[in-house]
């Protein structure tokens, strides 16, 4: 990349084998370039080559280069295109290779040549479809990349060629997690010579998971030979440049249509780069500027849409309908959730975290121009996200072992059982169970454990508790029936002695499945007791004593005594969890952005003192990194500090953690809760106490009213007793809130026993909380209406505990 002709000092560039030196032969000063006319010829057919004057190194499209960016380790890339740009005088677009040393051993294909780390070839490269810009000063030298046959037959690796000779036989995605089958790299080079856009498109379709596409299976199965034949077939259909210009006015729609089709095949179709990429159009049609001058731009868009529609309309409609049905139906077992850690084909360019290579310095778009520090901040935020996949679960070894042994024993003995897992939100209950299932799956694949089925039912995702019957029967039979029929079929199925695999059912958010008759819970805990059921139920809830307080004796007795409690994380454990995620960073990014140990300890202690919720600790740290990134970018804007900042590490300090915590404390919801009167806070305290006492997320309004009055009666703290001392030494909070008004309470004839059942203006208080989104109310009759929180319980607790009067109740 050269921003101007001045940056080409020491280099020469050539167009169509005609030397166009960019320096004056006498003075060595840059000369004014002549205007590049687009009228006589198409610039898309011009190929640019470069020559370094120092060592006469020549670079052209298709060359393999050794590139070093920002003092990082040198990496290998193939030159996809050299072109004149809009923002820069010259753009050098490359596609990166990933070295074997940058691939995690666990991510390598499960084949014989990658079985042991000691047998891996350190000179093996993996081609990716990730595109990037490089600067002329970052180019070190050319390298040789050979196919597997050439490498094994003709090459001996020694110190003389170890750094310049490589082998490539597979491609992979930018994260080094998804790999292609073995191919002949020489055939891939032939495809590049014929059409470098099809070359990138071929790698991209083989390595990047696609979103829904009716023809995706067909595209995945294409080999390099098929793609070469396809390119050869397309060649005769292309028009010559002169023919396109002559026919521009008469056949405007057709040529525009061809250009739009070519754009669809390009790997960087961002709207802000269409004009800059006009010279690299695959079909070599007229420039986009000519197309913009067309008198019928709308017709072009309509034609583009028609080109993308498959010929087999009925098949396309059926597949679309099947796809939509599988997504919108919560009961379809074939519904798959896409993994967030894998890039999508819809992205303009996938990320490349494992290469440790800077993406440039412009910062003008997401695929090109992200410096190393920004990439470090980005990866750090990804690792601190709660959805990040972990290789292990720290600080939950004992609970993991208990669940693992119970499930393994039940599977081996082919018996049913119930397991109750309890703990506050964010302590790793569901994650631990899923990790146990994953470990058991690996044992099954290795043949060391009997095969089993697994089903996860989340109470919050069910329209009603009875839907659990439908999901379980669908897992067993693959058929959808009504809940009532499913219950009958399940009862008959588990009663019969038929060959079946053990079935593990994870019932998450158990308190949401509780009904008045409790028949759903009874059946799910009763079926494992059948001798031939082989049903293993794992019930997960937030409170340990929920079976005794909520479920009847006949249900709690069937649940059994296999109970595992997850206690809240201590501040040492939270610190270990955060450090475990920081260890997942690449070595380069670890040096660029550092979270101080004091900052980790501060965040851990703050969260551990409230709830021990690991999700909250990670969220605070992630927000602190965002605040630190903002400070970094603002300091980078100072021209004097830019070079110094780029070469130094940036630290996330306690001040950043403190700001992140203050944001949660001073959020709009927190400020609204702080402004509420005592009576409204008392209602919220009653909701929290009732939830704690019952273990249920939803509680009746009548129970909350009783909880409020009982709490005030039992209030014995100094602040609670003397809060009304200035008005009347004998007046209590019950007299004030449950009387008919302050003036009547001050009347000497008022009897404290003559109080109302509810506090004054109670209906107005509840409606205010509902309208502001704090509570949700299911109106089924006033006293029997169900109330549940609409915001985080932790946020309400943190606000109420800062209130002297109300904190005594909690």
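Cβ from N, Cα, C; glycine included.
Listed features, source Swiss-Prot:
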BINDING   423, 424, 425, 426, 427, 428, 429, 430, 431, 509, 542, 615  ATP binding site
BINDING   508, 509  Mg(2+) binding site
COMPBIAS  21-30  compositional bias 'Polar residues'
COMPBIAS  219-235  compositional bias 'Basic and acidic residues'
COMPBIAS  247-280  compositional bias 'Acidic residues'
COMPBIAS  286-295  compositional bias 'Basic residues'
DOMAIN    57-183  domain 'BAH'
REGION    21-52  region 'Disordered'
REGION    219-317  region 'Disordered'
REGION    334-370  region 'Disordered'
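Shown here: features listed in Swiss-Prot, placed on the structure.
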residue	record	DSSP (3 states)
423	ATP binding site	strand
429	ATP binding site	helix
508	Mg(2+) binding site	strand
542	ATP binding site	coil
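For the pair formed by residue 425 (ATP binding site) and residue 509 (Mg(2+) binding site), distance between Cα atoms is given as 10 Å, rounded to the nearest Å. Same-chain residues that are not part of 423, 424, 425, 426, 427, 428, 429, 430, 431, 509, 542, 615 yet have a Cβ within 8 Å of the Cβ center of the ATP site turn out to be 540, 566, 613.
Comparing residue 509 (Mg(2+) binding site) with residue 427 (ATP binding site), their Cα atoms are 14 Å apart once rounded. Break the domain 'BAH' (57-183) down by DSSP state and the numbers are 22 helix, 52 strand, 53 coil.
Separating the Cα atoms of residue 423 (ATP binding site) and residue 508 (Mg(2+) binding site) is a whole-number distance of 12 Å.
Annotation for residue 542 (ATP binding site): same-chain Cβ neighbours under 8 Å, separated by at least 6 residues, are 422, 423, 424, 425, 511, 695.
The binding-site residues considered are 427, 431; of these, 431 has the fewest other C-beta atoms within 10 angstroms of its C-beta. Cβ environment of residue 429 (ATP binding site): 421, 422, 423, 540, 566 lie under 8 Å away, each six or more residues apart in the same chain. When the alpha carbons of residue 431 (ATP binding site) and residue 508 (Mg(2+) binding site) are compared, the span between them is 11 angstrom. Within its own chain, residue 508 (Mg(2+) binding site) has 430, 456, 457, 458, 459, 460, 540 as residues 6 or more apart in sequence whose C-beta sits under 8 angstroms from its own.
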